[in-house]
Structures are given as structure tokens and as C-alpha cells.
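Asker: Quick one: this structure, given as C-alpha cells, is what I'll be asking you about.
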Amino acid sequence: MAEFDYDLIIVGAGVGGHGAALHAVKQGLKTAIIEAKDMGGTCVNRGCVPSKALLAASGRVRELQDTNHLQSLGVNVGNVSFDHSAIAQHAQSLVEKIRGDMSNSLNRLKVDTINGWGKVVAPQKVSVLTEEGEKTITGRDIMLSPGSTPFVPPGIQLDGKTVYTSDDALKLSWIPDWIAIIGSGYIGLEFSDIYSALGSEITMIEALDKLMPGFDRDIAKIAERVLIKPRDIETYSGVLAKSVKPGSPVVIELADAKTKEITEVLEVDAALVATGRVPATKNIGLETIGVETDRRGYIPVNDNLQVVSNGEPVPNLWAIGDATGKMMLAHAASAQGISAVENICGNHHQVNYRAIPAAAFTHPEISYVGLTEDAAKELGKEEGFPVKSVRTYFKANSKALAEGEEDGVAKIIYRQDTGELLGAHIIGMHASDLIQEAANAIASGEPVQNLAFNVHTHPTLSEVLDEAFKRAEVKS
Ligand SMILES: Cc1cc2nc3c(=O)[nH]c(=O)nc-3n(C[C@H](O)[C@H](O)[C@H](O)COP(=O)(O)OP(=O)(O)OC[C@H]3O[C@@H](n4cnc5c(N)ncnc54)[C@H](O)[C@@H]3O)c2cc1C
Ligand SMILES: NC(=O)c1ccc[n+]([C@@H]2O[C@H](COP(=O)([O-])OP(=O)(O)OC[C@H]3O[C@@H](n4cnc5c(N)ncnc54)[C@H](O)[C@@H]3O)[C@@H](O)[C@H]2O)c1
């Protein structure tokens, strides 16, 4: 009889857990995955997938209503109308399709999917609370991928109808005339794109001094010029939403982020709380095996994704995805899952986070990989190497001009002595696809002077990065 029920038990079937399960089967591991709610987790049910469906539909509305732009291409359109519930249905159908595909892929590969709440009860042992009762299973290795949930700052009350997080916003139950969006990160930006295209007036409130604080400074400035200023969006930075009360109207007390003094009271129709996410690491049994989460609740892991307790890896226990707090992105979660499985199988592997790209799917899109220019310069100072950057513009690109989409910039940041690419940042049409070339170059370590010899199809937007590689000046 086998010593364990499974080679690998995965707790949480988000994109991270799912990716790990597929890779585990490929490596010949007998695998079970436990999911308490919906196959596919946040990304598929309450994140990437439905938000991109809403962005696709609202983006079309924006494009078709931009009569000046269309006329410049010689196209006239009549009145454009939309049905917000049909747009919501498009998103929901996509969620169901992808969720079904994910379940089928696991069934096909004979991964046991167990519906219920999983909890580590002892080393190599997990209990699952299912509708039929509790059962305990054993696994040689256990991987935790419980993901994250929206963070709601104290003072903000949700009712799910007038004050809500992305979980409810994605249902698109109504289009408020005036909505406050609290937070100017990814979710705030993507929803300001959706709501402004569908006709809402927006007030965006950001606690830090600058809008879009997570992005490269240059790119954030251009994003403000392109995505915020020309639209019906009023912005506050350095301002906290100190209290938010649901109802009609929604009442928001704004405070100076430094002094915490109330500066203004807003009355709006709705508020979207987009103030970050917190790890879902409570009640998963970490305490029973002596593992403490960090101050913010993340599961501590080492570079091999082994869970760490008192500075030492806990044998046969792994953690991946949003719950580790490395990079809250779907593809980062699945890359970690694959990497952890490699380590479980004894093939040493580490994720190169600097080569993981990210994108905000606004119109136009923003994307990046690697370091911001400020971070690269800081690193250069510490380690003693020169850092340079080059900008190239969509308005000098034939394809962008043909599309009438000349608003855009690409910036690459590189070591001037070796040509190593340290970061790339793009705002412009299809930026989310264009960034992959830079991500691959960082992953493979190909320096800019070599990238400059790669031939790009003409006329394509990919020539924006090609131009940047060609203009880089490496002096060894
Ligand atoms: C609105 C929005 C848009 C986003 N858009 C993008 C995007 O475009 N691109 C991108 O890369 N990322 C995007 N993200 C981020 C992305 O969704 C997450 O990074 C990703 O889902 C993380 O995957 P995960 O597997 O770590 O966790 P999750 O997807 O959160 O999955 C964890 C799963 O574990 C389950 N679970 C938790 N505890 C237990 C337990 N004890 N027992 C059983 N099951 C349990 C949960 O029910 C959940 O299904 C977006 C997020 C949001 C909110
Ligand atoms: N396209 C994508 O890849 C995508 C899309 C959506 C979400 N996500 C992921 O989901 C995570 C959560 O997204 P998010 O936008 O909620 O978080 P975020 O961390 O990107 O942005 C949150 C913003 O809210 C601000 N803030 C916090 N408290 C505030 C307050 N009381 N008043 C005003 N501002 C306040 C913060 O300063 C920050 O700028 C992100 O880490 C991201 O990785 C990714």
C-alpha cells in the first residue's frame, strides 16, 4: 500500500493551483486539488477574465463613439448604444466557459478535485470540510495556493450595491452617473476605463502623492495625460477616503493623507473600493504546524517556494500565488506553481520575477517588465554600473499612424556597460502584447545590442521596441 494518498495535495484551485496541478501530472505525480468555492479562483471568476470581457465591450463603445477619430479614417457611424446587462452577460458566459474548461482539463488528467475547505492538520496531512462531512487525506507534499481577497480600509462600509469592491463591480449591475473610485492602481485604472467609456462621471481618489504610484514615473505621467485628463475624471492625490457610507447618496469623507484632517465631503451615486488585496491565509492550519505569516498575512517562502518557519524551510510544504505576496498576477502564480513542482521533483528551479511582465488593459494599454527607471538608477548606484534609457514613440510608427493610434511611448532601461535590459515600459495600443519581447529578452539575458539585430515585421507596432533596441548606446 502507498505510504500517502497522494504525491501532491494542492489547497486552492486558482490559476496558481491549477497550473501547478497540470505540471505535477506531467511529472507523474498523483495529485489532488482542493477548492472551497469556484474552480479558477479570483482570476477566472472575479478578476482577469470578467474584467477583460468588460474592457473589451466598453472599449468598443468608446471607439465607436469617438466620431472624430473614426472620421479621420473616413468612417461614419450612427448612434451607438449598449445594453449593460448584455455586456455583463458576455463577461459571465466567458467566466463559465473558462471555469468549465479548467475543470475538464483536471478531470481529463485524473487530478482528484475535492470541493471543500482544506486545512493543514499535521505535517503531510490535510483535512477537507466538504458538504458530506470532514475527511483527512495525506500527501507526500502539500502546496498552499489560497490566493487573496479585496482589502477594505477601516472606515469604509460595503453594501455590495452602492459601495463595492471589484467582486461586485464585475457584475456590472448598473452604470452609476457619478462614481468615486478609491485607489488608482490596476483595478482603479481598469474600472475608470470601463465606467468612463459607458458614460459615468468619475472621481478618483489616491492616498499617495501621485496617481498610479506603482508605475514608472514617465509612464504614469503619460497615462494621466492620455487616460485621465481627456475624460470625465476628476482626481485627488495625497487624499484618503477616510470614511465611506453606502446609500443614496454615498457619503465619502476625504482627508489629507498626511494630517488625516477631513478636507471635504463628497456625495456620489456609487463608490468602488480598489485599495489593494490581502492574502487569504486565515484558517488554513498554518498555526497547527508552527508557521507564522508575516506582518501583512503573507505566507513566508524561500526562493524555492518552500514555506519557511523560524528561518528554516518546513519539509514538504510549499506555497505559491497571491498568498506569498511576491507579485499579485495570475501568470506569476502559475509560474510559481510550476517552479514549486520542479523543486518537489528535485529539479532545482527559481522564478525570475524581474522577467515577469504585467499590463493594465486600459485603452490604450500600459505594460511593463523589470525595473522602473528610478529603481534601475538606484541599483546602478548601489552596484556601480551606468544606467541609460531610450524612448521611442508610437507617432513615429507607420502601423500606429495607419490605425490613428499615435498616442504611445515605449521606454527601455539598460546597463550602458553590458547592454543588459533592466526594464521596459510601454503605453500605447497593444502594449500588453508588445511587452512580451522585452520580457523574453530579460529572461534569456539577451543584451540590447543583440536584440537590435532581430528582424521585425514591417509595418507593425513591434517596431516601436525594435527602434528602442537600435537606438540604445552600449559602451563597454
Ligand atoms: C479585478 C481583478 C482583475 C485582475 N486582472 C488581472 C489580469 O488582467 N492579469 C493578471 O495577471 N492578474 C490579474 N488579477 C490578479 C489575479 O486574479 C491574481 O493574481 C490571481 O488570481 C492569483 O491566483 P492564485 O491562484 O494565487 O489565487 P486565487 O485566484 O485567489 O485562488 C485561490 C483559490 O483558493 C481557494 N481557497 C482559499 N483557501 C482555501 C481553502 N482553505 N480550501 C480550499 N480552497 C481555498 C479560493 O476559493 C480560490 O478559488 C486581477 C485581480 C482582480 C481582483
Ligand atoms: N491587469 C492586471 O494585471 C490586474 C488588474 C487588476 C488587479 N490586478 C492585481 O490585483 C491587485 C489589487 O489591485 P488594486 O488596484 O486594488 O491594488 P493596487 O495596490 O494596485 O492599488 C491600490 C491603490 O489604492 C491606494 N489606496 C489604498 N488605500 C486607500 C485609501 N483609503 N484612499 C485612497 N487610496 C487608497 C494605494 O495607495 C494604491 O495606489 C494588484 O496588486 C494587481 O496585481 C492586476
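Even glycines carry a Cβ here, placed using N, Cα and C.
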Asker: Which candidate, Cys48, Cys345, does TrEMBL give as the disulfide partner of Cys43?
Answerer: Cys48
Asker: Name the one residue among Glu206, Glu253, Glu292 that TrEMBL lists for the same NAD(+) site as Gly183, Ser184, Gly185, Tyr186, Ile187, Gly188, Leu189, Glu190, Gly276.
Answerer: Glu206
Asker: When DSSP states are grouped into helix, strand and coil, how many residues of the domain 'Pyridine nucleotide-disulphide oxidoreductase dimerisation' (356-468) land in each?
Answerer: 44 helix, 31 strand, 38 coil
Asker: Among Cys43, Lys52, Ile187, Leu189, His458, which recorded positions lie by ligand 2, judged by Cβ under 6 Å to any atom?
Answerer: Ile187
Asker: Please check the recorded positions Gly183, Gly185, Leu189, His458 against ligand 1 and give me the ones with CB under 6 A, sequence order.
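Answerer: Passing the 6 Å Cβ check against ligand 1: none.
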Asker: Roughly how many Å lie between the Cα atoms of Met328 (FAD binding site) and Cys43 (disulfide bond), rounded to a whole value?
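Answerer: Counting only the Cα atoms, the answer is 10 Å.
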Asker: Give me the non-local Cβ neighbours of Glu206 (NAD(+) binding site): same chain, 6+ apart in sequence, Cβ-Cβ under 8 Å, ordered along the sequence.
Answerer: Gly183, Ser184, Gly188, Met212, Pro213, Thr235, Tyr236, Ser237, Gly238, Val239
Asker: What is the nearest of the recorded positions Gly185, Leu329, Ala330, His331, His458 to Cys43 (disulfide bond), using the Cα of each?
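Answerer: Closest by Cα: Ala330.
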Asker: When you measure from the Cβ of Ala330 (FAD binding site), how many other Cβ atoms are you left with inside 10 Å?
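Answerer: Other Cβ atoms found within 10 Å: 21.
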